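Report on the following structure.
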Amino acid sequence: MDFPCASISIEALKHNFIQIKTFAPNSKLMSVIKADAYGHGVLTVAEALKQSDAFAVARLHEALYLRENGIQHPIVILEGVNTVAEFELAAENDLSPVIHAMSQVVLLETIHLTKPLTFNWIMVDSGMHRLGIRPEQITDAVSRLKYSSNLTSDIGLMSHFANSDLINDPRNHQQLDAMVSLKEITQLPLCLANSAAVMSYKESHQEWVRPGLMLYGLSPFAHKQGQDLGLKPVMQLRSRLIAVYDLRPGEEVGYGGDWTAETACNIGVVSVGYGDGYQRSLSNQASVLINGKTAAVIGRVSMDTICVDLTDIECPKVGDSVILWGHDSLTVETLAKIANTIPYELVTVLNQRVKRDIIDG
Ligand SMILES: *Cc1c(COP(=O)(O)O)cnc(C)c1O
């Protein structure tokens, strides 16, 4: 067995998918599986979530990878594409690049694709000011795209909330109002809700929802854990104790000697580090679970290892399993707070050195 390893629960993935269906029973579901399905392994996740009505990724190459591996669902490319060659590649592979700028509308008016693009989405800038065409330009964009032989008439309007993790924030209502007005004018379907909006803003569900994080059992809300929302964490990150030894009072541990033994104590070395994506900001802050008990991370996180205080662990020995996150009493959400980041970042930065292992399903 390779360690560290991230075990992936198909059962949890399917459970979370059903939870989304319960939150938004009348909407179609576009599962967001960008960034290697938030670090969970994109092919595993796509296979487990076959019931999705569509998938969304960020980039063209992510979409091509899914097609190359036999995924036949509609696939939306959230960042869109910008060149003729990219539009051609998207069309040939039945991929759906989001149209988020008038320059893309102009390009589509001037080229001739060998095959029309299908399942088309226009990204509207309803207030986030990241990607999107301004609301006042939408009727113009829609009518021009409807004229183009490079697209089928299957067009929808997409937008993204900037503050959906803040429940009842007036800016969410403003964004939704802008989109509902455009729907009345254009008669096109809407796709707005990310995970936070799926769970906390029913009015935003519309024809399609577009969650990512909650599929993986994680909470987008700062004050809630996945479990509080009826979700099950999909990933558990584990490794092993590779050394156990005694320290004498006054001895310092690791780079910079950031931790000093006050009394004689027993410490362990765990094979995981920032070179795997276990963030260095967890140094001297996080804890791990060994034989069901908590052990504090002491000293700085190194590239390949961390040191832990084994004081409270009964009979620790080399080879003992160490849980790093993805347990009821050691969640990704809690560790993200400790690392001063968000659950999204903790799981997506886990890299290919960490083997993904399917544990069920
Ligand atoms: C990543 C992303 C999502 C998914 O958001 P979650 O908060 O993970 O549910 C939806 N839409 C767009 C445009 C995104 O970039």
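FYI, residue positions are counted from 1 along the chain as it appears here.
Each Cβ is built from the backbone N, Cα and C atoms, and glycine gets one as well.
These features come from TrEMBL:
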type	residues	note
MOD_RES	Lys34	N6-(pyridoxal phosphate)lysine
ACT_SITE	Lys34	active site, proton acceptor
BINDING	Arg130, Met303	substrate binding site
ACT_SITE	Tyr255	active site, proton acceptor
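Of Arg130, Tyr255, Met303, all annotated as recorded positions, the residue with the shortest Cα distance to Lys34 (N6-(pyridoxal phosphate)lysine) is Arg130. If you measure from the Cα atom of Tyr255 (active site, proton acceptor) to that of Arg130 (substrate binding site), you get 40 Å.
When secondary structure is read from DSSP and collapsed to three states, Met303 (substrate binding site) falls in the coil class. Sequence-distant contacts (6 or more apart, same chain, Cβ under 8 Å) of Arg130 (substrate binding site) comprise His160, Ala162. With the fewest other Cβ atoms inside 10 Å of its Cβ, the least crowded of the recorded positions Lys34, Met303 in this structure is Met303. Around Tyr255 (active site, proton acceptor), a 10 Å sphere centred on its CB holds 11 further CB atoms from the protein chains shown.
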